[in-house]
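Features as listed in TrEMBL:
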type	residues	note
TRANSMEM	6-22	transmembrane segment
TRANSMEM	29-49	transmembrane segment
TRANSMEM	102-122	transmembrane segment
TRANSMEM	129-149	transmembrane segment
TRANSMEM	155-177	transmembrane segment
TRANSMEM	197-219	transmembrane segment
Amino acid sequence: LTNHPLTFFMVPALLLYVIIVNPKIFKSVKAIFISILFFILPLLSYLYLPIRSLQGYGEVTSFQKFFYYVTGRAVTGKLHGGRFGGRSISVVFGLVKDYLNIIYDSYGIVLIIIAVIGLIFLVKKNIKFGVCSFLLIIFNFIVPPLYTGHALRNYLLGTMLITSFYIAYGFLLMLDVSNFLLNKSLGKKKKLKVGSFLKYFLIVVIFLFFAFYPFYFILNNYSVVDRSEPQEVYKFWDEAFYNMVDKSKVYVKVRSTNIGIFVNRYEYSEKGIEYVYHNSPEYTVENIIEALD
């Protein structure tokens, strides 16, 4: 809710699943009330915003600012994040390709194949959930290229969550097929009770399969995630504020604005430097010229 409208675009798929599975639920006021609470209660975690702001660590100091924030706007009411419209077909297709690459890099070709097989198996086992879950992926996947200017991994969390169900069904199919083939190989002999063996065998295989990638990435990317030293962008801001005169005023319009805010507020607060970023009403040409004079 605070950054993008993807949640709302996934609601139709969830609502359709509820209607298909149990349409009578809408005749129960109690069920509807509990369903609304199921959506609202997690949002209560946003209450930490005004609490922290009243302690001096935020700008959400009124109900209006709180409402603006949780509906995807800055505390001034100005929209932030992405926007719809103004993109050519080539740009949209380029973003689609970038998002597909994110999925490919996250899972790899083996897990993707297992997920596709699992989706087919899921549709056969539970067509209602299978169709609605795939519809949710479509809603989750088609919106980001129309909304954002670049591919963001966290915008595909819904798709990745559903994909994990497909992968699970893919492994379940492997279990069923293995059980069938082993029993068939016995011919007319007494069927072997291999279900328990296969279950634990596949659990071990799946554990090793999933454990391999994290350890592999840790070994190959340790230097990238090593944070024993601050990043260069943090060093830049630290040096900049270190060299500034007390009570200075700095106007900022860069992608690393949030890092500058942090360094100014928590590392050099005693210098009393006024930090004006581009979303502020004070960020005007006239004020900049006046400050320079």
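Heads up, the Cβ atoms here are built off N, Cα and C, so glycines get one too.
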Six or more residues out from either end of the transmembrane segment (155-177), which same-chain residues have a Cβ under 8 Å from its Cβ atoms?
4, 6, 10, 99, 102-103, 106-107, 111, 114-119, 121-122, 125, 133-134, 136-137, 140-141, 144, 148, 198-199, 202, 206
Do the transmembrane segment (6-22) and the transmembrane segment (102-122) share at least 3 Cβ pairs closer than 8 Å, excluding pairs fewer than 6 residues apart in sequence?
no
